[in-house]
Ligand code: BG6
């Protein structure tokens, strides 16, 4: 963590959904890491709220038992958990009823952050009740903030309605809309790579860049998430949030300062510049797919439609590829290709920037259009790093060229492997830094850009194209790029570079 390590001010974190999966798998490991790193001190408290029967001890037992995946080594975990656990409490109650808020009022004082780790349908109601019970009232000595997980809305209209409902009761400065991709170190590095390097930012425009590809390929299949996933699909689950955050980092203009609002202004502006397609254009620029039975990393995966809690005739997509345009001077004419899918051949989240070919070259046997273009790959996960494809002279008497990759792997230089990604987001929530959180206008701009695809796929009778589990996705996604004479950057398993 690159922050100057100064403990956050004394805070109580109230977690709605105390016994839930998110709390156990991600929030608690992050809070333990924060305790270990001194990002929170002995004046930090956790109060879980939930419907499950139990008391303080029951919650401590449930949370202490977590699988430390993404967390630190067992010994250190034990030590930090031993220090934190007596400051973890539980309030049992139904958060759709007023009673629990009255009790909450008598249990918290001073700085309080409320974390909504609950299904999205409760977000509006919880915020209303917190505000109606006076729990969101701040003063000069105490902040009151709300952290809201995704999904923030399920389309443009519902996202707008949720923003309006929340902002009728609390101010934007109190709302921290979480996108966990922004907690990833390498996502934050995109801004540094661009704005701390003259040689990158100077060529970061339509004069030099041919196209941008943003990929989030996953090997996991829908597994036990059928109920949520079948009502959601790959587009809603990944694009207006995670992939658009990456797009905003790549495409935003340099902010005038590194203040949260200056950065959020630029991200908001560029997301509003993503072209909103007509239905006919959406049809030409979007591909959806669903996986059939196959093998992923040596394991048999059943077809999506044979998964638990998925309708056998489901038309929900597990893969999506889009060609988007960003209508600004900087990006005029540069396609942004986005793709994401489940049950694919390997896990690979990356941004591939392909530069234009050199205009002229007289190397024997390598006319300009035969030289491979320069390419910058920002590898988000796994195997975090940056790599740049350039052409060099092949050793020997002949003047011949050879493509090579300049490769930087984070793991070779730094230790970034032991955090969950939530540490920096929760720390920022406590210190009041909204840089890595989504503002209402940016959320709505993201939904506006994907709405034509949602409408199209809800209204037409076609079904998603099939792709085999363990493959690179449907062939129509290849055709989307082939139409522009481009091709997808090949997905590479961790540690292996594709030539
Ligand atoms: C979540 C989606 O928001 O992000 C999941 O709901 C997806 O479907 C996950 O698997 C991907 O996150 P990460 O950090 O594993 O790349």
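For all residues, glycine too, the Cβ spot is worked out from N, Cα and C.
Automatic, uncurated: that is what TrEMBL annotation is.
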Per TrEMBL, member of 155, 230, 237, 327 binding substrate alongside 180, 184, 218, 342: 237
Spatial neighbours of residue 242 (active site, proton acceptor) among the binding-site residues 94, 95, 184, 218, 342 [C-alpha, 10 Å]: none
Which same-chain residues, if any, lie at least 6 apart from residue 218 (substrate binding site) yet have Cβ under 8 Å of it: 340, 341, 342, 343, 344, 347
Residues that sit under 8 angstroms from residue 95 (NADP(+) binding site) by C-beta distance, when 6+ apart in the chain: 16, 49, 50, 51, 101, 118, 122, 125, 126, 129
Mean of pLDDT values spanning the domain 'Glucose-6-phosphate dehydrogenase NAD-binding' (14-189): 92
Listed binding-site residues adjacent to ligand 1, that is, members of 94, 95, 184, 342 whose C-beta is under 6 A away: none
Neighbouring binding-site residues, C-alpha within 10 angstroms of residue 150 (NADP(+) binding site) - of 180, 184, 237: 180, 237
Maximum Cα-Cα separation (Å), residues 180, 184, 218, 237, 342 listed as binding substrate: 20
